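These features come from TrEMBL:
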type: DOMAIN; residues: 43-292; note: domain 'G-protein coupled receptors family 1 profile'
type: TRANSMEM; residues: 28-52; note: transmembrane segment
type: TRANSMEM; residues: 64-89; note: transmembrane segment
type: TRANSMEM; residues: 95-122; note: transmembrane segment
type: TRANSMEM; residues: 134-156; note: transmembrane segment
type: TRANSMEM; residues: 202-225; note: transmembrane segment
type: TRANSMEM; residues: 237-254; note: transmembrane segment
type: TRANSMEM; residues: 274-294; note: transmembrane segment
Amino acid sequence: MTATNETQHNVKEFLLTGIPGLQTHQNLLFIALLLVYLAVMTGNLLILYLVILDQRLHNPMYFFLCHLSFLDILITTTILPKMFAIILFDDRIISFFWCFLQMYLVLAIGCTENLILIVMAYDRYIAIMKPLHYHLIINSKLCVLLTVGAWVLGYLTPFVPLLDALSLTYCGPNIVAYCYCDYPSVVSLACADVTYIINKAFIIAMCIDNIPLLLILFSYLKIILNIYFMNIEDCKKAFSTCSSHLIVVLTYYFSADLLYITVMTDNISADARVIIGVFVYLLTPLLNPIIYSLRNKQIKQAAEKYLDLPLRPVTFFH
C-alpha cells in the first residue's frame, strides 16, 4: 500500500453535528421531523396506491407522477433515518463508506428528479400543443424509454463530483458540520485545497438545476402563448392540466437553487445552512402529494372511490 492510500484511509468514519442550533429542543425536533416523514410517506404512497388501483389514472401523466412520488420517498428515507438516530440515540458516527454512499444517493436522486420533471413538462407540452397526436407521440414505449433514461442519467451524472471527492486525501478532522453527508461539508474536510473541486461541483449543480428549469419555463411560455388564443373553456382546461406541475417545478428548482447559493455564501451561518438544507430536502416531498391531490380532480375522485378497497394487480398502459 502506498503512503497516499494510507493517508486516504486515516479517516475511517465521520462525525455528524446534526442541527446544532436546535440541540436544546431535541424532543420537539424529533416529533416535527417524524410527522413530516410520516406525511411524506403517507402522501406519496397514497398517490402510488391510487394510480395503480384506478384504471382512469393509467396514463402517461400519472405514470411519471408515480416516479416522482417514489423519488420523494427515496430522498427522505436517505436523509431522515440517520437524523433520527442522532436525535434519539446521539449516534453521530457514520462510516466512510456509508457517508459517501449517502452523499451519492442524495445527488443521484436529485438529478433523477430533475429529469423526471423535464419528462413531465414534455408530456404536458404535447398534451396541450398537439392534443390530437398525444397518444401517438406519448405512447407506452416512449414513456418507458424516457423514465429509464431519466433514472440512468440521473444516477450517472453525480459520478464526476463523487470521483473528485474520492480522489482527495482525508487525514482529519472528521467532523461534518451537517446533519447528513452533504457534499461540500465532506469535501471541505480533505487535506488539500478543495476550492476548485467545490466550485466545479457548484457549476455542475447549477447547470443541472437551471438548464432544465429554463427548458421547462420555455415550454410553458409557448403553452401560455398558445392558450391565449383559445376560448375561455379550453383555456381553463389547459391551465388546469399543467398548473400543478408548474407549481411543483417552481417550488423544487427555486428551493434547490437556494440550497446551492447558501453553500457559496460566506455570510450565512453554519446553523442556518443546515436548517435551510433540511427544509429544502423535505419541502418538495411534502408538498408534491398535497399539490397534486388538492388540484387534481381525478386523484380526489380515485381517493373517494378506491381508498378502502384492496390493491389488485393491473397494468399501466392499454
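Backbone N, Cα and C atoms are what each Cβ position is placed from, and that goes for glycine too.
Note: TrEMBL annotation is automatic and uncurated.
Put simply, of 95-122, 134-156, 202-225, 274-294, the stretch with the most CB pairs closer than 8 A to the transmembrane segment (64-89) is 95-122. Only residues 6 or more beyond the boundaries of the transmembrane segment (95-122), in the same chain, are considered here, and those with a CB under 8 A from a CB of the stretch are 9, 11-14, 61, 64-65, 67-68, 71-72, 74-75, 78-79, 82, 146-147, 149-151, 153-155, 157-158, 161-162, 165-166, 170, 176, 180-183, 186, 208-209, 212, 215-216, 219-220, 245, 248-249, 252, 256, 281.
In the predicted structure, the domain 'G-protein coupled receptors family 1 profile' (43-292) carries a mean pLDDT of 85. Within the chain, the transmembrane segment (28-52) has long-range Cβ neighbours (under 8 A, six or more residues past its boundaries) at 19, 22, 58, 62-63, 65-66, 69-70, 72-73, 76, 80, 83-84, 87-88, 282, 285-286, 288-290, 292-293, 299, 302-303, 306-307, 311, 314.
Tertiary neighbourhood of the transmembrane segment (134-156): same-chain residues 60, 63-64, 67, 108-109, 111-116, 118-119, 122-123, 126-127, 316-317, selected by CB-CB distance under 8 Å and a gap of 6+ residues from either end. Nonlocal intrachain contacts for the transmembrane segment (274-294), taken as residues 6+ away from its ends with a CB within less than 8 angstroms of a stretch CB, comprise 17, 19-22, 33, 36, 39-40, 43-44, 46-47, 65, 68-69, 72-73, 75-76, 79-80, 83, 106, 177-179, 182, 244, 247-248, 251-252, 255-256, 258-259, 262, 268, 300, 303.
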